[in-house]
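Noted in TrEMBL for the protein shown:
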REGION    1-76  region 'Disordered'
COMPBIAS  54-67  compositional bias 'Gly residues'
DOMAIN    124-219  domain 'LRAT'
REGION    276-312  region 'Disordered'
COMPBIAS  291-300  compositional bias 'Pro residues'
COMPBIAS  301-312  compositional bias 'Basic and acidic residues'
Amino acid sequence: MGNQVEKLTHLSYKEVPTADPTGVDRDDGPRIGVSYIFSNDDEDMEPQPPPQGPDGGGGGLPDGGDGLPLPSPQPYDPRLHEVECSVFYRDECIYQKSFAPGSAALSTYTPENLLNKCRPGDLVEFVSQAQYPHWAVYVGNFQVVHLHRLEVSNSFLTDASQGRRGRVVNELYRYKPLSPSAVVRNALAHVGAKERELSWRNSESFAAWCRYGKREFKIGGELRIGKQPYRLQIQLSAQRSHTLEFQSLEDLIMEKRRNDQIGRTAVLQELATHLHPAEPDVSDSDAARTTPPPGRPPAPAREEGAREAVVR
C-alpha cells in the first residue's frame, strides 16, 4: 500500500484522465475512498425570488403596512450585483466574467425574450438579486434540463426561470464545447436522476458538465494532492484584484456562486475586512493572493439538508 501511495503522490495532473477520448466522460460509478456529499442544489437554500416585472425588478407589494405603497425595486443590473472575476487553472484562464465597455454577453432578458435567443445545446443562466444563479441546458422545443431540488428535471424554460431574468452563457467557460447534439444527449440522459444518483453539487456544475464533458465538474472528480492549482481572481477595481486559491474546480465554483448570491457590495466588504488595513497599494504590482477569508470556507463540507455518504 505504501508503494501505491508513493506512486500516487508523484502523479502529475496531466497523467490523470479527465475525460473520455470521445469527449464524453464515462460514469464508472462511485470511486473507492472518495467522500461524496449529497445536498440540495444550493440555490434552493434561499427563499424563492419574488415575482418580477418586465424590467427584471420585483413586483413589489401594493401596501407597505401604513397605507403607503412600497417603492419599486430597481431593475436588475449585473454590474451592480455581480462580481467581475476570472478563473485560472495554473496559468490558463478557463473562465471569465467581464464587464468591459461594450460587452453585451451579460445582458439579461425576460424568459419570453430569452427563448428567441436560445439554440439546442446552449447554457442558460437565470439571475436575480440575493439569489444563487440557476443554470440549465436548453434542449429545444422551449424546454431546458436542469438540476433542481436534488433531481435532474426537464421543464419549460419559462417555468425553470421562476420569474428571473436570464441569458445565454456559452462564452463564460473557455473549455472546448461538445457538439450541440452531444450536449443535449448528455442532459436528457440524466433526466430523472435524483439524490444519491447525482454526481454534481449544483445546477452550474451539471450544466457545464453536459456542455464540456469534463469530470472536473463532478463531485470528487479531481485528485486533491499537492499545491492548489485553481485561482479565483476577483476584480476589486480597474487596477486591483484579489486572488483566492483552491485545490479543485468543484470548490472554486461553490465560492464563486456564493459571491454571486451575497452580491458585489458584500464581497468587497468582506475582502476589505480580511485584507490588512495597512496593505500597500499594489495597483502596478501583483494582485493580493490568499486562501478564502477566515470563517468563509470555499466549499462547505455540508450544506443545509445535506447528507454525506462515504464509499469505503
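The backbone N, Cα and C atoms fix where each Cβ goes, glycine too.
For the domain 'LRAT' (124-219), the model's average pLDDT works out to 97.
Across the domain 'LRAT' (124-219), DSSP classifies residues as 31 helix, 28 strand, 37 coil.
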